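Participant: Heads up, here are the entries from TrEMBL:
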- 40-55: compositional bias 'Basic and acidic residues' (COMPBIAS)
- 157-300: domain 'ATPase AAA-type core' (DOMAIN)
- 304-335: domain 'Ribulose bisphosphate carboxylase/oxygenase activase AAA helical' (DOMAIN)
- 25-55: region 'Disordered' (REGION)
Amino acid sequence: MALCSELRIPFRPISTNFKATKKIPTRLSCSRQSPDGDDEPPRPSDGLKKRISEQSSWETKDLEGRDYLYRLGQEADNMNITVGARKGIVDDLFVGNFLGRDADIVFDYRQKVTRSFQYLQGDYYIAPLFLDKVACHIVKNYIAHLLDIKVPLILGVWGGKGQGKTFQTELIFRAMDIEPVIMSAGELESERAGEPGRLIRERYRTASQVIQNQGKMSCLMINDIDAGLGRFGNTQMTVNNQIVVGTLMNLSDNPTRVSIGQKWREFDVTHRVPIIVTGNDFSTLYAPLIREGRMEKFYWQPDREDIVNIVHKMYAKDGISKEEVETVVDAFPNQVGK
């Protein structure tokens, strides 16, 4: 039998120096006792909100009254604004004919990481020495498992500014039907520690998926790497610089085992993806990164014949002869790299 179900004892306010404004009734509740002799837990009052669990911290609120789920959503890294409640997947009843769908083709273009170079219309001149170096580096990395030599994963193309390193590389990609993943030095720094290194690994795996799913050649290209990782007179090394350098060194040593944070799986083997970087001065980079086993360096400086052929190819349809181009080039020397 239960000893008592509920006992209310009213207390009168104790007379003190100050005057009490109202009477405060006090409730004293006793626990119910089951027929077996065990105490039953007290039943929640009708006015109180029932918690999920007595040991759960999900509903614990901070000083501003926000619980854990609110803070978790606020700190999430998901910034994808192009996908909402897609039709047939989430809340189909409330999607309608417009809201919650992929907006337009512009978002699909923004989400496409690879480059196809369809905008390069016309005939351009590709320097034979440049073509030989870039093409051989790409092919050697694709057949590295068949060769009995150490093949560097990274090709560093460096030289003076304005010498066409990036443009010549893009022309080679178009000629070889390569669909690369392009990065710039502006993506090598972030307000969050470790984000640029993770981005490089994600882009590397994206290029590997292009090889596996589309059956096309791909590579990872980073433009102006010395602008993001170089040590100059008054610059400061950051944690992200160190992580990016370590990521590139790790990719060079283990090009088929790339993790973006998940657990290691034996069957998760990526394709070997060649990396091409451009810059003006590689002496500002971390020395172990530019060693011969990891990076093959190629200094590009076009000679007079290359400059004449490049300019003549650009204006061949305008009726300008090669002799006229040679005259202009000789009249204005030292224009490249200045």
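Backbone N, Cα and C atoms are what each Cβ position is placed from, and that goes for glycine too.
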Participant: As a quick check of your reading of DSSP, tell me how many residues in the domain 'Ribulose bisphosphate carboxylase/oxygenase activase AAA helical' (304-335) are helical, how many are strand and how many are coil.
Facilitator: 24 helix, 0 strand, 8 coil
Participant: Which residues, given as numbers and ranges, are at least 6 beyond the ends of the domain 'Ribulose bisphosphate carboxylase/oxygenase activase AAA helical' (304-335) yet have a Cβ under 8 Å from it?
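Facilitator: For the domain 'Ribulose bisphosphate carboxylase/oxygenase activase AAA helical' (304-335), the list is 122-125, 127, 164.
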